[in-house]
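Below: the structure, in structure tokens.
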Amino acid sequence: MNMEIGHPHEGKDDLGDKRVIMGTKFPMELGIRVGLGKEDSRCGESPVVSNKCEGRMAPPETKFPLSKGLEMGLERQNISRTVMQRGSLGVDSVSASQGTKPSLLPGRMGLENESLLAGYTHERIIQPPLGRVCGSSQAAGSRRAPLASGPEGVEELVGKPAFVMEPRQEMEKESTCVLMKPNTEIKLPVEVDIGLTQAEGPDETKNTEPQMGLVIEPPQCQFAQQHEQRKEAGNIESGVEPPDRIRPIYSGKFFDRTPCWPSAGKVIPVGYRVATCLTEKLPRLITPPEAKKYFNFRYPPAGVERVFYGRANDPQIAPYLTHGIRSKISVLANTLINPQPITTFQQKIKDKKESIYLSNRRAPLGKSHDQAPGLPKGMDTTNTTFGTAVIKEYSAKDVVNPPKSYEEVFKEGNEGHDLYVVSHNDYYAGEAKNRKYNPSSFHRCSVYGVPTPHFNDGRAMAKSLYWLHELQMKRGAKFVSKRADDFKEKFQHKLGRVLDPIAETMNVPPDCTFGACLRPEEYGVGDLIHNRLPDEYLRGKDRQRALIAAVRHHLKKVNYQKFDTLLAAFRHYDKKGDGMIDKDELQEACDQANLSLDDKLLDQLFDYCDVDNDGFINYLEFANFLNWKDKMLLKEYEERVIIKGRKPDCVNPTEANVEEPEQTLLIKPEDIVLKEAGSTEKTLRTLLRPSDKVSNYYKTTSSEINAIVGAIPSTCYPICGVPTIRSDIPAPRIRRISDRTNYGEEGSAYSLLYPTIFARKGVFERDFFKTRSKEEIAEILCNIGVKLSDEEFENVWNLASKKHHRGEVCVENIRNVLDELRHADRIKCKTLM
């Protein structure tokens, strides 16, 4: 089918005038074209008919009004054919589209709205059309990519199925066609880039006759939509695009030939960035009062009462209610604290009113009691003295701290005590009251009744330190949560037990032990260190050793409290007087000391004290194991005590013929040692048990560090480290507050616990080393009771002044000189004797 679309030369004059057809409808043409524009479909054509699409796609974000749409339509597309030919073309296109298969590419859909068919007449290309605007809203706002024109483009469309076209009658009724006769003055666009390949013909530039185009007015719904979109655009702030208007990702850079295909990636609206989200929009939106009460009920502000939204608008009566009786305003507090000053006249009137009270006359405010009204008239109150004159004998200082020694004060205090007991009941602390009973039948030191139970372990004192309810709480049952008890039983460690979290799942008794039981060794670490024999192992004998230690401690305490010397204690134990203590005598002594020992414990005690294993406890063993020999020193007469021989037993005739042994000393001379090196006090040597002899070869680190007695002093060799007391540097005269260095002039913990007599009297080190004159030194010696003649004082002063390079004398120098002179006199007296 060969069809030439265009205007013949004969028809130009008929169409010269511009005609406007209002309400003219071409059912076949408009229906097909509007329907194709709405459904985004394209009609197929025959190979003879060619389409030349020269349309430019408008940007999706730009929406033009009606006038701009018509102008752009004229510039974009031109229709160069008559109305009747268009009608016939529409019929042909419909028939051609119906004959094709129903399948088109998405990119080809809707091309009919933006492209026009251009006929070829014997290889002559007709002049490009002027333009057309479609009245469909979808056609105006849709984005379509232009297709390539020419033979290739036409051939590709032949045989392809066409999209099913459903013309809409509503859009046909609303659309309006305007036929315009183009004027020769209208200038065509110089260059329009539509993205399609255009065929260039030699006769294309020759055909410059103006053609008539068909303009289809857009429907009214498009104008309403554009008005709403303008309103929405006005509400959005400047610089931010609405989120529903998304531009292509290639806009401005590339030409999207397939805009209907989804683009890869996520397109973020332009303008919604982090800075925009973090920027507060002011002024803020105001919540309506109707919704505010619900918000305040659910989220009340800080410090505001939560009010139910049902009574949010109720009248507020409670804040203005007043309960009780309204009190009247009294005098203000500032008036009471700082009253207004009164005048002199008002003060005199006030004093006159107050003078009638007895308290004002006896104890007036701010002055003493005026006794003149009660005295006889004419008495000289200034020179008259009442009472008896007191003779001044002693000052309060002498009464509190008399200038006497302690012995004199104590002796004077005891004088007349018996008289004060009768007159004033002045008893000493703990002194019993003497009721003066008949001494023939009663002795004041006698004790009657049952002895009070007494325990040395302090159980009675421990009981008295607790309140009764505390003791009852200890004896009472303690309630513990079963959940907490189960948790502690399962997860907390217990002393002497291995942690077993799965113990509850094991069906074994609590005392079950897995694995082979190891037999404990007979010896311990201490036995290995001291190299003890098997019969002397101490492992497993802790209870036995503890009992023996307790018995020995009790006997030591009794001996120390009851006897003054070791010899007196030994004679108390030695009932037979043979210088030895046997087991029976030890049993009797323990009974007298309120110690009831069984035979086994007595044997263990006796074996412990009997070092030489002779069956008796001698004086040396008694002093080492049953006494505190360091506190009960040896007297001189104890060294000369002689042991008498034992008398023979007359029952045994063999012992009767034995001669009596020679008399020996109770203490051997080699058993007597000095208590300390250089001391005159003597004590007995320390006995070592056979198992303890090995310990002499072992020395601890602390004993080696502290064993400096008699060694080279530390001043003879350098010492590393900084000393605790910095005696190596002089103390500053004025010390800083932050200086915590001990220069040796400060007291130690011992001086705080046991202060000297000087510290008790408030005399410190600086007072001893302060330089003083001769008169001040003489006065100090006289006040402390040191009586020296003038010659002796001069001698002491001269010796003390020689100890300083500048001849200065202090109290410490005088004290040292007096000690030296006294020591020299003592030595002189001993030499003369």
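From the backbone N, Cα and C atoms, a Cβ is placed for every residue, glycine too.
Values in this document were obtained by computation on a predicted structure and should not be read as measured data.
Annotated in Swiss-Prot:
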BINDING   ASP574, ASP578, MET580, GLU585  Ca(2+) 1 binding site
BINDING   ASP610, ASP612, ASP614, GLU621  Ca(2+) 2 binding site
DOMAIN    561-596  domain 'EF-hand 1'
DOMAIN    597-632  domain 'EF-hand 2'
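ASP578 (Ca(2+) 1 binding site) is surrounded by 15 other CB atoms, counting those within 10 A of its CB over all protein chains shown. Checked against ASP610 (Ca(2+) 2 binding site) by C-alpha proximity, the binding-site residues ASP574, ASP578, MET580, GLU585 yield MET580 as the nearest. Listed in chain order, the extra residues whose Cβ falls within 8 Å of the Cβ center of the Ca(2+) 2 site residues ASP610, ASP612, ASP614, GLU621 are CYS609, VAL611, ASN613, GLY615, PHE616, ILE617, ASN618. Across the range of the domain 'EF-hand 1' (561-596), the DSSP-based residue counts are 20 helix, 1 strand, 15 coil. Secondary structure from DSSP puts ASP612 (Ca(2+) 2 binding site) in coil. Each of TYR573, LYS575, LYS576, GLY577, GLY579, ILE581, ASP582, PHE616 belongs to the same chain as ASP574, ASP578, MET580, GLU585, is absent from that list, and has a C-beta within 8 angstroms of the C-beta centroid marking the Ca(2+) 1 site.
In sequence order, ASN618, GLU621 make up the list of same-chain residues 6 or more apart from ASP612 (Ca(2+) 2 binding site) whose Cβ falls under 8 Å from its Cβ.
DSSP assigns GLU621 (Ca(2+) 2 binding site) to a helical segment in the three-state reduction. Annotated pair ASP578 (Ca(2+) 1 binding site) and ASP614 (Ca(2+) 2 binding site), C-alpha to C-alpha distance, rounded: 15 Å.
Each residue contributes its Cα atom, and for ASP574 (Ca(2+) 1 binding site) and ASP614 (Ca(2+) 2 binding site) those atoms are 16 Å apart. Cα separation, ASP614 (Ca(2+) 2 binding site) to GLU585 (Ca(2+) 1 binding site), rounded: 15 Å.
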